[in-house]
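Colleague: The structure under discussion is supplied below as structure tokens; questions concerning it will follow.
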2 protein chains.
Amino acid sequence: MTDLDDIFTARGSVLIAGASINGSTADIAIDETGTIAAIGEDARRAIDADIVIDGSDRLAVPGLVNTHTHAAMTLLRGYADDMLLQEWLSQKIWPLEAHLTGDDVYAGTKLACLEMIKSGTVAFNDMYFFMDRAAAAVDDMGMRATLAYGFIDLGMEEKREAEIKATEALVDHIRSLNNPRIQAAVGPHSVYTVSPEGLSWCAEYAKEQGIGIHVHLSETEKEVTDCVAQFGKRPTYLLDEYGCLTPRTVAAHCCWLDEAECRLLGERGVSASHNPASNMKLAVNRAMPYHWLKQYGANVALGTDGCSSNNNLDIFEEMKFAALLQKFAWNSPTLLPAGEAVMMATAAGARALGIGPGTLTVGAPADIVLLDARAVCNTPLYNPDSNIVYACNGGAVMTVLCGGRVLMHERTVPGEEEIIQEAAAAARSLIERAKNSA
Amino acid sequence: MTDLDDIFTARGSVLIAGASINGSTADIAIDETGTIAAIGEDARRAIDADIVIDGSDRLAVPGLVNTHTHAAMTLLRGYADDMLLQEWLSQKIWPLEAHLTGDDVYAGTKLACLEMIKSGTVAFNDMYFFMDRAAAAVDDMGMRATLAYGFIDLGMEEKREAEIKATEALVDHIRSLNNPRIQAAVGPHSVYTVSPEGLSWCAEYAKEQGIGIHVHLSETEKEVTDCVAQFGKRPTYLLDEYGCLTPRTVAAHCCWLDEAECRLLGERGVSASHNPASNMKLAVNRAMPYHWLKQYGANVALGTDGCSSNNNLDIFEEMKFAALLQKFAWNSPTLLPAGEAVMMATAAGARALGIGPGTLTVGAPADIVLLDARAVCNTPLYNPDSNIVYACNGGAVMTVLCGGRVLMHERTVPGEEEIIQEAAAAARSLIERAKNSA
């Protein structure tokens, strides 16, 4: 087995020896390109491994995907809670965000990446600002991410021009990084913050650039009633009218959809990102109609939302919140069983971001998480999906590989203490600046 | 500082040096009786410490209390999920429980104790069977527990006589243990499983013995409608009629209470155990009316329920589920703020079980949890209650003391590997026996 010190610096092919996959013990071979080359009896012959990881007492599962984040908001974790949405935004979140710098976004996104790696997430779909600095953090941490600048024009042409420039600049910047793990998306914030002209530009630009769209959709009842009052139609139809619903669109929240809107999202091949913890904390008063979205073939994935409305990035916890909220809110103990929750966090998430099948199969990117099969939460282990969704949290994750590169091993992430110290310092400085300007 | 090897075996006074308590750094002195002798500047002079624990980078909080468990059901964790309540019970849970032995209950309760210690819980309120063996597990693990035999007569006199004998035997047995951390309670299961004669005997016996009552109350709508149909009154009034509502009663679930029932529980000084994860998973379709219980002065605490309907015993997770479910179900983002959730899990839990104030104060039992202040979930740390409830899980717990005895330090619990192995073996054997008899 490769030593802990070497495992993060060595590059090349990787053998995971004797892990438990879907109830059987098997070796996994990963080639130099970061692709799963073989699973099972052929694996040891398939590669001449540069790195060998002991898989005994480990459950191998696909890397988790977080399809809706505002990663740098880790710096606002716990700054304000238990408030009415509008007061929380206008009195607490926006005034603090006004003081955020690019350095803060770098430090906050790095903390978010550390947190996601420590809980088994390999890829995320992010919308915020100073996104070039978010990209630098993702690059440093070795994860996958789809990064969108949050486009908000509030119906003002001058602001729209600035948002267009910012969006184009980010897309150009990310292309220049030439990092296959980082891709850009266009981020029209929502129907209540972006004009029809803005939505239209976003859709056309995304099409022209061949990139995805990341948008908030029907999070609150007010969003729906205001949209109907202003435009005479519900938000899903407005997005569709301006071309924003595509197979590369991720629509976050989707709480207040009616059945016909779910059908349209299914027809357009949209991915819906379910954010149950955020929706509960902000009391949006309706759970995503998962049953309709599933029925009409929309791709339903999972997201945590930002750390000021959750307040963590643990997709294990989010799987449990999703499975339990759906049961409770729609009054059905059989809705969203454990296996479907795992699929939402893996295959559906990977599909939403276009990063492979999100499964442990030959030819797939080697995005692999090893869980401690001897942890209390995995004892006993009748049905791993149940343990993963209902009993474990991210603390059961021991090892994380993203594209064949080891990001965490035996719960150690290189540089984690510095990342935590720097984020804590950035948060202190942010509060200080906000105080001094008040 | 005392070495890890010695910290579990040494006995006597304990100094926790320089921990963060409510935002200040202070020493905590614990005397030989397991009581907090001093906090702050006097602490080092108050005792001649036999054990010294480094409190730097640690948040000290009161030990958590789980007020509703069926601890040995850890052996059924993940055995059956995502089913209708009646099918789940009749096809899965009861057939397996029929094969449970005293040895299984010992192994399963020990696993539960390990799980609770690892997530910062020092005391729990348990109802199950073979409770003498549960007591042995608690005794071995050094926790506090209130143990009740689940009294179920189903209206049959012969069965009632057997339940009375079993209850009396457990109370006698626990008294004979002479362990100040373990107390007995009477456990009338519910109004739908215990006859009025049974409820009446339980209430009188509890009064005579000076012990508490542990009962399920208004978990499902069916329980309420059936009770009204059979007895002409709602379950709370039936329990009250037969004397089961006392200041030493813990009523679990309390989902389907109306406002008048909440007022009565407040008047009787009853403790209500909120079990949000279980209620969501089983789709009981109504959240405990916390606002009424609070308004009328009932003592609202937290519980996980058993591991077949949750499926873990992490009170940190339960605090988050409680705070979020109340907001979502009652449509108020300001309901059950973080500070109240922490109180439910500490002071209210301790009051429910009569085990001191559940606070870090001089004269209180030294039930103390040290959290990692440098964990990702505690970064940044604007408001510790928020981090505890919304961001952390039990994995942030580093050290646990119960009555001054160190049960976990630096996440190590003595003997944990054997406990896990023995529980896994007990579960395998249980399944085997159930299969062979089928």
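Just so it is clear, glycine is given a Cβ too, placed from its N, Cα and C backbone atoms.
Nobody curates TrEMBL annotations by hand; they come from automatic prediction.
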Colleague: TrEMBL has B:His68, B:His70, B:Asp305 down as binding Zn(2+); which of B:His173, B:His216, B:His409 does it also list for that site?
Modeller: B:His216
Colleague: What's the CA to CA span in angstrom from B:His216 (Zn(2+) binding site) over to B:His189 (substrate binding site)?
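Modeller: Cα of B:His216 (Zn(2+) binding site) to Cα of B:His189 (substrate binding site) measures 6 Å after rounding.
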Colleague: According to DSSP, does B:His68 (Zn(2+) binding site) sit in a helix, a strand, or coil?
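Modeller: B:His68 (Zn(2+) binding site) sits in a strand per DSSP.
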Colleague: Out of B:Glu97, B:His189, B:Glu219, give those binding-site residues positioned within 10 angstroms of B:His70 (Zn(2+) binding site), comparing C-alpha atoms, in sequence order.
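Modeller: Near B:His70 (Zn(2+) binding site) by Cα: none of them.
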Colleague: Write out the long-range same-chain contacts of B:Glu97 (substrate binding site), meaning residues 6 or more apart in sequence whose Cβ is under 8 Å from its Cβ.
Modeller: B:Leu76
Colleague: Check the DSSP secondary structure of B:Glu97 (substrate binding site), expressed as helix, strand or coil.
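Modeller: Where B:Glu97 (substrate binding site) sits, the three-state DSSP reduction gives helix.
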Colleague: So if I measure Cβ to Cβ from B:Glu219 (substrate binding site) and keep only same-chain residues at least 6 apart in sequence, which ones fall under 8 Å?
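Modeller: Sequence-distant Cβ neighbours: B:Ser190, B:Ala252, B:His253, B:Cys255, B:Trp256, B:Asn279, B:Val284.
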Colleague: Quick one: Cα separation, B:His68 (Zn(2+) binding site) versus B:His189 (substrate binding site), in Å?
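Modeller: With distance taken Cα to Cα, B:His189 (substrate binding site) is 12 Å from B:His68 (Zn(2+) binding site).
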Colleague: Give the distance between the Cα atoms of B:His189 (substrate binding site) and B:Asp305 (Zn(2+) binding site), rounded to the nearest whole Å.
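Modeller: Rounded to a whole number, the Cα-Cα distance is 13 Å.
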Colleague: Taking every protein chain in this structure into account, which of the binding-site residues B:His68, B:His70, B:His189 has the most other Cβ atoms within 10 Å of its Cβ?
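Modeller: Of B:His68, B:His70, B:His189, the one with the most crowded Cβ is B:His68.
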Colleague: Using Cβ-Cβ distances, find the residues under 8 Å from B:Asp305 (Zn(2+) binding site) that belong to the same chain and are at least 6 apart in sequence, listing them in sequence order.
Modeller: B:His68, B:Thr69, B:His70, B:Ala252, B:Asn275, B:Ala277, B:Ser278
